[in-house]
Ligand SMILES: Nc1ncnc2c1ncn2[C@@H]1O[C@H](COP(=O)(O)OP(=O)(O)OP(=O)(O)O)[C@@H](O)[C@H]1O
């Protein structure tokens with residue numbers, strides 16, 4: 001069964017590659033013809049293509065022309081001749097595929113081809129990179145080529161002004177980091193005036209390192225948060241208190257699931273110290289929450305692994321990229337709990353104003369594609385979520401890097417001694433070495449070992465971000481020793497210095513396996529680029545963090561069954577085992593992502609419809625019409641409760657009706673005998689119609705629209721924020737609450753829609769109250785005037 005599936009994929013791939021080869025032949029024929037044209041002729045052709053591409057998107061001939069012209073432009077400006085495999089990768093991306101191209105194959109310049117084709121369609125292309133360093137680097141490198149072709153390029157940086165961002169988005173191509181595009185989308189939907197928005201419609205997105213973004217980053221949603229002041233005392237008190245608690249006596253830690261729980265003994269201590277009867281009682285929820293977060297801060301969050309403290313601030317380190325997650329904070333009070341533990345000033349707590357998952361953000365684009373060296377293992381997820389296929393493009397030259405088998409050690413100390421021996425040996429002949437680590441702490445540990453041996457090195461981690469470019473540019477030179485966290489694991493191009501190829505190229509040492517095999521392969525991929533020679537090897541000890549967290553039991557067994565040697569053991573069974581552990585973690589992470597995604601999909605429909613409505617309001621659509629809609633629905637709903645159809649008017653309690661509606665009793669006790677509640681509803685509605693007509697009368701219409709737009713937006717935004725808060729609680733709830741036989745996702749869906757309905761009711765009520773309270777203009781009187 002499996003082999004049939006593999007065969008089908010293989011057949012599809014080979015057919016796809018055959019097709020791409022034919023296409024490449026056509027492109028190259030045209031490219032050769034273009035080589036004799038002058039620059040002006042090529043530029044005029046580009047202008048002509050701009051008009052054609054928009055009209056005739058399906059014609060392959062226009063596309064051949066576009067690709068041939070781009071290839072010629074790359075040659076004239078950068079001096080590089082695009083390889084056939086690059087043309088293949090570029091073309092695959094224009095056909096809703098992800099191009100899987102090995103590390104170092106030149107994806108950056110390949111991307112010019114599909115970007116140019118998309119840009120000619122005239123709707124704007126977003127080129128998404130995994131970090132700002134790559135965005136700025138690719139922007140600067142690609143700009144001259146695009147400009148030659150008459151394509152305008154912009155860079156969207158975090159922290160730029162609204163005007164600078166608008167300009168960047170108006171360009172044909174906009175480079176930037178994934179989270180910044182997502183945040184701009186959210187901010188645009190919080191804007192109170194159209195001119196505060198920065199994005200155009202979301203048309204084309206090409207994601208570089210697409211697995212990093214759609215898979216690794218996708219566990220944490222993007223959140224725009226407002227601030228409320230944290231209660232510092234309680235955080236500091238809790239932080240000091242949990243310092244005294246002991247693992248296994250007062251609390252337990254599940255490192256695999258990343259959870260902490262208090263033991264009965266721990267709870268007793270808390271109840272005694274905080275002088276409370278029952279920690280789980282509703283009135284103590286707050287204390288419990290603070291204590292739990294403080295305990296998580298103490299037991300699960302490690303300085304220089306999960307976060308760093310810089311300038312008295314706590315910044316999150318992304319485990320996949322080794323970089324600071326700019327602009328992001330731990331939520332739910334964990335940030336403040338860590339700050340209290342580190343004894344730095346507390347940042348204000350977050351109130352969510354807007355939130356979206358990365359997967360959902362990218363599903364908003366009309367056209368999505370991307371490229372990476374490492375995505376095959378996640379093909380199914382990508383296909384299910386985005387309907388994208390993966391085309392594996394062959395390498396230009398055979399890969400010459402030799403990936404050695406992992407070496408295993410009993411202890412960390414033995415591992416580091418062997419790594420040092422290896423580094424020393426290679427350094428002695430001048431071969432450059434890159435040592436990859438999984439955390440800042442580990443990178444510093446390696447540095448101290450090198451220091452002790454008197455070996456020169458460069459250290460690249462999130463604390464030294466500023467030096468990134470210069471460290472990387474020297475990493476391939478003779479004799480260089482570079483220690484780096486995963487920061488150097490993606491996109492970084494280490495070019496070999498003179499004479500280095502003869503020494504065997506760059507040697508990569510992995511000091512620990514990462515949770516995901518893709519990240520390890522990215523690290524290996526810093527070497528052996530463009531057919532260069534190179535080598536890589538991972539060193540693993542039974543005391544590694546990954547093993548202690550996820551496979552400590554199994555490691556115990558291996559300790560007694562293997563013939564260990566101080567200089568390391570190469571054992572196929574251990575290799576297979578470590579891969580199995582990684583696969584298990586990948587599966588766990590996949591489940592977390594799917595859960596986050598499924599829940600966000602439910603909210604997504606609500607978000608889209610809320611944002612659409614909000615946009616209409618901001619864009620100046622008839623505000624009176626919206627208000628009236630709410631009033632009519634509110635009155636109908638209200639009547640159903642207080643004067644239901646089946647009741648005769650004699651049964652109405654006029655004083656209750658008057659009190660509940662805020663209208664004068666004489667409106668209900670009208671001279672006319674009313675037949676039923678419906679007639680009463682009509683009377684009330686016409687009262688409000690008359691009131692709205694007065695408020696929005698011609699002489700003060702524009703002023704009034706402005707004022708009511710602002711009032712209405714405030715009502716909408718408050719209600720939405722409250723809704724998000726409720727959804728967050730609901731989400732927490734479903735992890736703890738037992739739904740009996742009910743599927744938790746289904747239960748979440750039903751409750752989420754109920755909450756949405758409640759939010760709409762709140763909006764109606766607030767609009768009703770606001771209009772009711774509004775004073776009429778002088779000289780006007782209606783029978784039901786507010787009492
Ligand atoms: N056609 C070409 N001819 C010569 N050199 C090229 C060509 N294409 C790319 N290169 C060079 O190859 C190196 C690797 O390119 P690049 O960094 O874009 O690779 P990549 O595929 O993005 O790698 P990674 O997967 O690690 O991000 C760069 O130094 C680039 O200048």
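Placed from the backbone N, Cα and C atoms, the Cβ positions cover glycine too.
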Name the one residue among 493, 520, 544 that TrEMBL lists for the same ATP site as 86, 104, 105, 106, 107, 108. 493
Set of same-chain residues at least 6 away whose C-beta sits under 8 angstroms from residue 493 (ATP binding site): 104, 108, 472, 529
Cβ density check for residue 104 (ATP binding site), other Cβ within 10 Å (all protein chains) comes to 23
Out of 86, 108, which of these binding-site residues shows the lowest number of other CB atoms within 10 Å of its CB? 108
Listed ATP-binding residues 86, 104, 105, 106, 107, 108, 493 - what's their greatest C-alpha to C-alpha distance in Å? 17
Taking the Cβ of residue 105 (ATP binding site) as reference, which residues of that chain separated by at least 6 in sequence fall under 8 Å from it? 85, 86, 89, 373, 393, 395, 396, 529, 530
Count of other CB atoms lying within 10 Å of the CB belonging to residue 107 (ATP binding site): 25
Using Cβ-Cβ distances, find the residues under 8 Å from residue 106 (ATP binding site) that belong to the same chain and are at least 6 apart in sequence, listing them in sequence order. 80, 83, 86, 396, 530
Could you check what DSSP calls residue 493 (ATP binding site) once collapsed to helix, strand or coil? coil
List the other residues in this chain whose Cβ sits within 8 Å of the Cβ centroid of the ATP site residues 86, 104, 105, 106, 107, 108, 493, in sequence order. 101, 109, 110, 529, 530
